[in-house]
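Noted in TrEMBL for the protein shown:
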- K17: active site (ACT_SITE)
- 75-153: domain 'GHMP kinase N-terminal' (DOMAIN)
- P103, V104, A105, G106, G107, M108, G109, G110, G111, S112, A113: ATP binding site (BINDING)
- D145: active site (ACT_SITE)
- 218-290: domain 'GHMP kinase C-terminal' (DOMAIN)
Amino acid sequence: MSVAATAGSVHVRAPGKINVYLGVGGRHDDGYHALATVFQAVSLYEDVIARHADDFSLTVSGVEDVDSVPLDDRNLAMRAAKLLATATEYTGGVALEIRKSVPVAGGMGGGSADAAAALVACDALWGTGLSPARMHDLAARLGADVPFALHGGTAVGTGRGDQLNPALARGRFDWVLVTSEEGLSTPVVYERLDILRGEEGALADDPPLSLDVPIPVLQALRSGDALQLAEGLFNDLQAAAVYERPDLEDVIRRGVEAGALQGLVSGSGPTIALLCPDPETAQDVQTTLRGAGLDPLHVHGPVAGARIL
Ligand code: C5P
C-alpha cells in the first residue's frame, strides 16, 4: 500500500483551461462535434480533498455561483470517483470536498478539472495505482475536456477534444480573464452554432469531420510569441456564445482598448480571455476593467495538470 493510501486525506489541485484555438467541425452521430483545439492550462485552480468514507459524499465551496453546482451523480467529480471505484472494484466510498476558483459554467473546464482531480485523489487515497493510460481512458469517458485537465500544459485536442497531443510551448503567456456572474450551457452554445450554420446555408457544404490546428498557432506557442499568438486566437463557438450573450463583444473591445493584444471567448463562454504582451500590461488591463465595473483576473499559462499537493 502506498504512503498516500495510508493517509487520512489526499489533496489534489487541477487547473482551468483556455482554448486558444477552437475549430468546430460537423456533428457526429453521437451528438459530439469534431474539434481541432489547442488547450492551455492556466493558473486558476480547483482543489479537491478526498477523505476515507464508507459512502460517497460531496461538498462544494468557493466561487459565487456555488449553489448551482449539483452535489449528486450529476456532479462530474462524484461520477469520477464512482467510475474509478467500479473500474478497480474498490468497495469503499469517499468524502470529496471541492474548493472552486474556476467559474461555474464559464467555458474554462472547471467541472472537468474537478473530475480529473477527483480521479487522481481517489486513486491515491484508495491505493488503486491506475496506469496513466487507464486514467486517461476513464477521464475521456467522463467528458471531452477531462483528459486535458489531467495532463495540463499546452496540448492539441482532436476527436471530441479528448485525443491529446502535447504541444511545445515556450515561456509564459499572460491572460486577463473576465468572468460573468451568469454561466452559459455548453450544449446550448453548440446547438446555437448548428442553428447559425444552418441559417447561413453552410450545412449545404457540410462542416468537416476532421480538422487541423493552423501551423502559425503552433509556431507562436513554440516560440512563446504573444504577438503572433494574438493573431491566431480563434473560436468557432464565439459567434454562438455572442448570440446568447451580446455583451461579450463589448468586453473584448474594452480589453483591447485597455492594452490587451486580442481577446476571445474561452470555450463555450461566457468567460473572456484577453491575451496581454507581458505581466505589467495584464495588471494595467485588470485595473482598467475593474474600474469599468467588470470582474477581471490576471492568470498565466501554461501550468501543470492535476497534481497531488
Ligand atoms: O463532454 P462534455 O460533457 O464536456 O460536453 C458537454 C456538451 O458539449 C456535450 O453534451 C455536447 O453537447 C457538447 N460538445 C460537442 N462536441 C464536443 C464537445 C462537447 O457537441 N466535441
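Even glycines carry a Cβ here, placed using N, Cα and C.
Each residue contributes its Cα atom, and for A113 (ATP binding site) and D145 (active site) those atoms are 8 Å apart.
Between the listed binding-site residues, namely A105, A113, the fewest other CB atoms within 10 angstroms of a CB are found at A105.
Only D145, in sequence order, out of the recorded positions K17, P103, A105, G111, A113, D145 have a CB under 6 Å from ligand 1. Over the domain 'GHMP kinase N-terminal' (75-153), the average per-residue pLDDT in this prediction is 97.
A Cα-Cα distance of 8 Å separates G107 (ATP binding site) from K17 (active site). Rounded to the nearest whole angstrom, the C-alpha distance between G111 (ATP binding site) and D145 (active site) is 9. Cα separation, D145 (active site) to A105 (ATP binding site), rounded: 13 Å.
Taken through DSSP, the domain 'GHMP kinase C-terminal' (218-290) splits into 43 helix, 11 strand, 19 coil. Close to the recorded ATP site, the chain also has G16, V102, G267, T271: residues not among P103, V104, A105, G106, G107, M108, G109, G110, G111, S112, A113 whose Cβ is within 8 Å of the site's Cβ mean position.
Contacts of K17 (active site) defined by a Cβ separation under 8 A and a same-chain sequence distance of 6+ are given as F39, Q40, A41, V42, M108, G109, S112, A113, D145, F148, A149, S266, G267, in order along the sequence. The binding-site residues examined here are P103, G111; by Cβ neighbour count within 10 Å, the least packed of them is P103. All chains included, 30 other C-beta atoms sit within 10 angstroms of the C-beta of G107 (ATP binding site).
Secondary structure at A105 (ATP binding site), taken from DSSP and collapsed to helix, strand or coil, is coil. Helix first, then strand, then coil: DSSP counts for the domain 'GHMP kinase N-terminal' (75-153) stand at 47 helix, 8 strand, 24 coil.
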